[in-house]
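Lifted from TrEMBL, the feature list:
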type: COMPBIAS; residues: 1-17; note: compositional bias 'Gly residues'
type: REGION; residues: 1-27; note: region 'Disordered'
type: TRANSMEM; residues: 37-61; note: transmembrane segment
type: TRANSMEM; residues: 73-93; note: transmembrane segment
type: TRANSMEM; residues: 100-123; note: transmembrane segment
type: TRANSMEM; residues: 143-163; note: transmembrane segment
type: TRANSMEM; residues: 184-206; note: transmembrane segment
type: TRANSMEM; residues: 212-232; note: transmembrane segment
type: TRANSMEM; residues: 369-391; note: transmembrane segment
type: TRANSMEM; residues: 412-430; note: transmembrane segment
type: TRANSMEM; residues: 450-473; note: transmembrane segment
type: TRANSMEM; residues: 485-506; note: transmembrane segment
type: TRANSMEM; residues: 526-547; note: transmembrane segment
Amino acid sequence: MAALHGGGNTSASGGDGEPPPPPTAGRRRGGWITTPFIIASVAGLTLAGGGWMNNLIVFLIQEFNIKSINAAQIFNVVCGCTNFFPVLAAILADSFLGCFSVIWISSLISFLGLILLVLTVTVDSLRPPDCATGSSFCAGPSRIQYTILFAALALVSIGLGGTRFTLTTIGANQFNKPKHQATYFNLYFFTLYATSFISATGIVYVEDNLSWAWGYGICIAGNVIGLALFLAGSRFYYRDKPQESPFTSLARVVVACIRKRNAEVSSESADYYYGDADGVKGAVEKAPTKSFRILNRAALKTEGDVLPNGSISNPGKLCTVQQVEDLKSLIRILPLWSTSILLSTPIGIQGSLTVLQALTTDRHLGHRFQFPAGSMIVFTLISTAISLTLFDHFLWPMWKRVAGKNPTSLQQIGVGHVLNITSMAVSAIIESKRRTAATSHHHPMSVLWLVPQLVIVGIGEAFHFPGQVALYYQEFPACLKSMASAMVAMQVGVAYYLSTAVVGFVRRVTEWLPDDIDDGRVDNVYWVVVVIGVCNFGYYVVCSWLYKYKNVDDEGVSES
């Protein structure tokens, strides 16, 4: 989630993509010649995205006089949007525009949003009058100021979401050998984490200690350089051709099933439609599976459904067996996917509240340097990056020697659940200590006390996010391979919206989250999150116990 939050993603489609065509007209398309341009774009756009997002809560509090909890709520909504937009971008790329067009259009939209953000911090009339942070007499933003602020956030969110998965996909599509794709992904992840670290430290420091205008100016420079270098490599890219949306074919299954709701389900394979193989001598025709039998009606042949040439007379009334089975596969895995929503919700709550906690602590490291509150995410980034490296080189080989097989994706996700719950419990304990120090001793606690909870959640992410990507990519139907990893972003987006709803509910029914968190009980909020996490883990255990792998066996789905 740290990578997702900071402007990157966890995986990409393209592993099963069409191989790049041979060079034509003396011009080379695809291959390693494209990698410098794409990786440079990843660096520039990640730098720009992380630069404005990581310090958004502090920006809203200091520059727009928005109350702390409200600022955290806006932050969660923005994070939810940036994790939903990649799914829409994937659909647009796959079905209409292609990856190349989605990337450059999204980058341009992001640029326009950053221009608006710069204007809000340089033009006095676009933000409220300056006011001492925490004062109850601060004037809030006017309607027009809110409008411009939200327009800017909408544009940068669309731009960031539009480039996330498409940059990874277009990079993977330049290669037809898995080992080359794996090398590209390693380079991508290194660039992603390196630039995320720079944006979470360097740019946030500039915003806090020099000016917001300079910080957002660096974001604009990163965005422009990333877009320019991406366009500079356009003549070398192999470009995928948009296809019909896979969701269209899945929707047809539902429509056909409803239209044939009175038909009797058959157990004979000859009664069903198989597409190109239908009626071909020697073709293997396997009847639809018995699970979710009601959906089998969609592939049941009735009079007039199939024309003499073997094509479908009405696509809204007849589907292939494969389309029916694809929808069944999606339905089977959705319960597991839903467990990941409540896995990510606590992380969203913790991320925003940690920034508010950091603002009340002693952030001085030495006599002169003050650690920026918006840079707290860097501890999660470092923890995740180090953990991924240690897992690949030590933990997974040791696991295989001891257990005789690699850990399954479900096992990895399960460990992530446990570590996530542990992190929230540590957050509750540390918050209790912080509040006591602030209210009883009148001496702020060191910001370093907040580091352990972020380190633990980072280790947990190194378990559950790669596990989720591997599970979805392997188990999703072939027609949805390009959407499999985007489902991780979708559940993170839902989780951020849910975290906003949870915080809003707590504010309505309790007094735990006042504008001054020293007067509240944030520790109780964390304990509630722990209870939610424990219940969700129980739900996950049941779902994983009932789930049967479709494309792999129990010998391990993770080959690190």
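Note that Cβ sites are derived from N, Cα and C of the backbone, with glycine treated the same way.
Note that the coordinates shown come from a computational prediction; the quantities given were computed from them, not determined experimentally.
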CB contact flag for the transmembrane segment (450-473) and the transmembrane segment (369-391), at least three pairs under 8 A: yes
Top partner of the transmembrane segment (100-123) among 37-61, 73-93, 143-163, 369-391 - counted as Cβ pairs under 8 Å: 143-163
The transmembrane segment (526-547) in contact with the transmembrane segment (184-206), cutoff 8 A, at least 3 CB pairs, sep 6+: no
Region pair the transmembrane segment (369-391) / the transmembrane segment (37-61), three or more CB pairs under 8 Å: yes
The transmembrane segment (184-206) versus listed stretches 37-61, 73-93, 143-163, 212-232: most Cβ pairs under 8 Å: 37-61
Contact call for the transmembrane segment (73-93) against the transmembrane segment (37-61), three or more Cβ pairs under 8 Å: yes
Non-local residues, at least 6 beyond the ends, that sit with Cβ under 8 Å of the transmembrane segment (485-506): 1, 4-5, 9-13, 69, 72-73, 76-77, 79-84, 86-87, 90, 161, 164-165, 337-338, 340-349, 352, 465, 468-469, 472-473, 476, 512-513, 525, 528-529, 532
Same-chain residues near the transmembrane segment (37-61), Cβ under 8 Å, at least 6 residues beyond its ends: 5-8, 67-68, 70-72, 74-75, 78-79, 82, 103, 107, 110, 114, 117, 133, 156, 159-160, 163, 167, 170-171, 174, 187-188, 191-192, 194-196, 198-200, 203-204, 207-208, 212, 215-216, 218-220, 222-227, 229-230, 232-233, 236, 352, 355-356, 359, 372-375, 377
